[in-house]
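Student: The structure under discussion is supplied below as C-alpha cells; questions concerning it will follow.
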Amino acid sequence: MQRVNISTVSEFILIGLSDALEVRFLLFLLFLIIYLATMVGNITVLVAIVADTHLHNPMYFFLGNLSLLDILCPTITVPKMLEVLLFENKVISFTGCMLQLFFLIDVVGTEIFLLAVMAYDRYVAICHPLQYMNIVSMKLCARLAIGTWVVGFFNSLLHTSLIFTLFFCDSNEVDQYYCDIPPVLALSCLPTYSRELVILTVAGVLGSSAFVVTLISYMYILLAILCMNSAESRHKTFSTCSSHLTVVCLFYGTTICTYVRPSSTYSANHDRIVSMLYGILTPLLNPIIYSLRNKEVKCALGRAISQVRTT
C-alpha cells in the first residue's frame, strides 16, 4: 500500500497572474482602477437608494442588496491580488485562506438567490402590475432578502467545512490568485470524491432551483412583453429586462463553469479568466446595467447633488 506524506499546512502560496515585473505593474494599475470604479459605482447607487425616499420600494430594495454584494465580492479577493502584484507577497495564512473562501462562496451564493428573487419581483411588476404592491410588500421583501443571505451563509459553511477538514500534502501552492474550491481541493492528499459529490449535489440543487425560478420568471415576462399593444412599451420593457438577463447569464454561466464540475477538470488559466468575469467584471457592470441607466436613480442622484450644493 502506497504511503502518503501528510503534513500540517499553516499557510498557502497564491500563484499570481504573472511573474514579470512590468506585467505585474500594468495589471496592478488595471485592477486597481477597476476595483475603485466598482466601489464608487456601487456605493453611489447604495447611498442614493438609502437616502432618497422615492426609491424606497421593493425593486430598489433588492438593488441595494445587490450593490452591497457587489461591494463585498471584489473586496474579498482583489486587495490581496493587488498586494501580490505590487509587493509579490504571495503568502496567505491557513485561516486567511479559509475565511477568504468562506466569504467568497457566501457572497456568490447569496447573489445567485438574490438574482432569482429580483427576477420574480420583475415578473410580478410586469405581469401583475395592479396587484404588485399587495403581493410584493416590504415585509415580504425583507424576508426574501434575509432568506437569500441565510441560505448563502449555510451553503458556504457546508462547503468550507468539507474542504478545510481535509489533509493537505507538502505542496501548499494554490494555483489561483485567491483561495477557491477547485485549486484548494487539488492540494489534498486523500481522495476527495465523496466531498466533491456532496459539493456538486448541494450546489446543483440550490443553483438549479434559483436558475429555474429566474428562467420561468423571464419566460413569463417575455410573453407579457409580446402581448403589449404599444411598441414603445414593448421596447422599453424589453430593453430593461434584456440588460438584467445579460448580467444573469454572465453570472450564472461563469459560476457554473467554476464550481459545478469535478476538480479533475480544473484548469488554472481557464479558471483565472472565468473567475475574473464573475468576481471583478460583473460587480463593475451591475451598477451600470441595473441602476445607473435607470431614470429614477439618475433623478435621485441629481436631487442628492443639488441638496449637497444647497447645503
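Using N, Cα and C of the backbone, Cβ positions are placed for all residues, glycine too.
Computed from a predicted structure; not experimentally measured.
Among the features that TrEMBL reports, transmembrane segment is placed at 25-51, 58-78, 98-120, 140-168, 197-226, 238-261, 273-292. The domain 'G-protein coupled receptors family 1 profile' feature in TrEMBL is assigned to 41-290.
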Student: Considering only Cβ pairs under 8 Å, which range in 58-78, 98-120, 140-168, 197-226, 273-292 makes the most contacts with the transmembrane segment (25-51)?
Tutor: 58-78
Student: For the domain 'G-protein coupled receptors family 1 profile' (41-290), report the average pLDDT of the model, please.
Tutor: 84
Student: Are there at least 3 C-beta pairs under 8 angstroms linking the transmembrane segment (140-168) and the transmembrane segment (58-78), leaving out pairs fewer than 6 apart in sequence?
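Tutor: Contact criterion met.
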Student: What parts of the chain pack near the transmembrane segment (98-120), using Cβ distances under 8 Å and only residues at least 6 beyond its ends?
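Tutor: Sequence-remote neighbours of the transmembrane segment (98-120) are 62-63, 65-66, 69-70, 72-73, 76-77, 80, 92, 144-145, 147-149, 151-153, 155-157, 159-160, 163-164, 178-181, 184, 206-207, 209-211, 213-214, 217-218, 244, 247-248, 251-252, 255, 278-279.
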